[in-house]
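Asks: Residues or ranges marked as domain 'Major facilitator superfamily (MFS) profile' in TrEMBL: 24-507. According to TrEMBL, the region 'Disordered' annotation covers 511-536. TrEMBL lists 20-49, 69-88, 100-119, 163-186, 213-232, 349-366, 372-391, 403-422, 442-463, 484-503 with the feature transmembrane segment.
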């Protein structure tokens, strides 16, 4: 296999872990840090937006966003992300990873700032401009998914490629954590500077005018980490695999990687010509792609869809947990900034205890255990814990039994991140041909965001109580949280089964996985079966 591969690609596959690997992780990872911060920080301030823009001092409860407005504010960035994943994934295979990478980052910087500057004279106009800018923010974030994964996979060596890609994705956990910490700090500073009574004491005075600055500052700070890494993104050379296998410029690929690896690498244009002659330059919508990678793409896209349905629906019962254990008291007993403080503190603790550790377990074990088993076990454990929450749901919601609920809830997060939430990001960057790698990753990621939209908003409506007397304001009766949990358990079980469509890529070169190293029938990707003894 090595004799048929370009020296520049063999050098990358066999390279020892070096400084450029860590620099690539930081540069690509800071994009994901920003992505997570921008996507998740909005949930920390939606209650505050309701108090500021939809307040009714005569009401016994604080103002809240109407359901349609709340869905738009929270979901529009996810919609933008889905579109961006498809568009920039395709563009990354057409124009190159590096040139498109800078576009996505600048879009994120500009739209983060613009989101905080949302303007208007009425609540509807402020929410409309906020949604407009957050859609385009999500569009830029969407591009970061296929490009960051593809760049890291094409820079990494065979031995630790999974850990490097996982480390990029793990920065998402720190982004979620940073959103909580920033909100904690800002809400504390403003509470101390502008004290206010609880809503039930003085409804009008419970939301100080300065609270309007808090959510704007939180959103705008998302531009900072992206702006700081823009320079380093522009300095990264194009990946050798794109330059050689897609742009067909072996000389430039060797020159770029000679600088990166600090060693002489032969260009081998003749060997590249031989490889191109042996290979078939098939496209996405061809029978050849369907035969080689059709089931793989179905597996990666479906698995990502299913895990995001479950992962993003976790907010269904956050209010039950946080309220039952006293982390978030009744809204009327707090002023606006105290409510922001309490929500961010709860989210930060969940991130520290369940979200961040799961990501890093994947980083340390993925090249030991393999992608297949981590995803399979992750889906299995998520199924178990979802059923563990659903079957005795009324027991968990009884006073005195909340500790078990919190533990089970935290473990579902842990096994999502030490499981399919991480592997669904990693595998699509490893198993498809270089000329379609970014596109296929974008398709898989977009399927995931479709699942996220269903999980975050479809289930928000579906999980409403069947009893009209217990339905949240503005919603219609649904199937209830317990039945919603059964549906989510079924999604995880289906994800477990879909995992068998995806090949194991541990320890194999990208060309071996994609079939580019050997175009003969029966070799390459077709040799790696989605089930059986060759999985690990």
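Backbone N, Cα and C atoms are what each Cβ position is placed from, and that goes for glycine too.
Keep in mind that what you see is a predicted model, and the values were worked out from it rather than measured.
Help me picture where these features are in the structure shown.
Replies: If you look at the transmembrane segment (20-49), the same-chain residues 6 or more away from its ends with a CB under 8 A from one of its CBs are 62, 64-65, 70, 73-74, 77-78, 81, 104-105, 108, 112, 127, 134, 137-138, 141, 144-145, 148, 151-152, 155-157, 160, 164, 167-176, 178-180, 182-183, 211, 214-215, 218-219, 221-222, 225-226, 228-229, 232-233, 236, 260-261, 315, 331, 336-337, 339-340, 343-344, 347.
Within the same chain, residues 38-39, 42-43, 46, 49-50, 54, 100, 103-104, 127, 130-131, 134-147, 438, 442-443, 445-446, 449-450, 452-453, 456-457, 460 sit at least 6 positions outside the transmembrane segment (69-88) and bring their C-beta atoms closer than 8 Å to a C-beta of that stretch.
If you look at the transmembrane segment (163-186), the same-chain residues 6 or more away from its ends with a CB under 8 A from one of its CBs are 21, 24-25, 28-30, 32-37, 40-41, 44-45, 148-149, 152-153, 155-156, 214, 217-218, 221, 340-341, 343-345, 347-348, 351-352, 355-356, 358-360, 362-364, 366-367, 417, 422, 425-426, 429-430.
For the transmembrane segment (213-232), the residues of the chain that approach it from at least six positions outside its boundaries are 23, 26-27, 30-31, 33-34, 37-38, 41-42, 44-45, 48-49, 52, 102, 105-106, 108-110, 112-113, 115-118, 137, 179, 182-183, 186-187, 190, 337, 340, judged by C-beta separation under 8 angstroms.
Long-range contacts of the transmembrane segment (349-366) within the same chain, counting only residues at least 6 positions beyond its ends with a Cβ under 8 Å from a Cβ of the stretch, are 162-163, 166-167, 169-170, 172-174, 176-177, 180, 327, 374, 409-411, 413-419, 421-423, 426, 506.
Within the same chain, residues 303, 306-307, 310, 317, 362, 365-366, 405, 408-409, 411-412, 415-416, 418-424, 427, 482, 485-486, 488-489, 492-493, 495-496, 499, 502-504, 535-536 sit at least 6 positions outside the transmembrane segment (372-391) and bring their C-beta atoms closer than 8 Å to a C-beta of that stretch.
Below 8 angstroms of C-beta separation, residues 166, 169-170, 173, 303-304, 306-308, 310-311, 314, 317, 320-321, 324-325, 350, 353-355, 357-359, 361-362, 365-366, 374-375, 377-379, 381-382, 385-386, 388-389, 396-397, 495, 499 of the same chain, each at least six residues beyond the ends of the transmembrane segment (403-422), sit close to that stretch.
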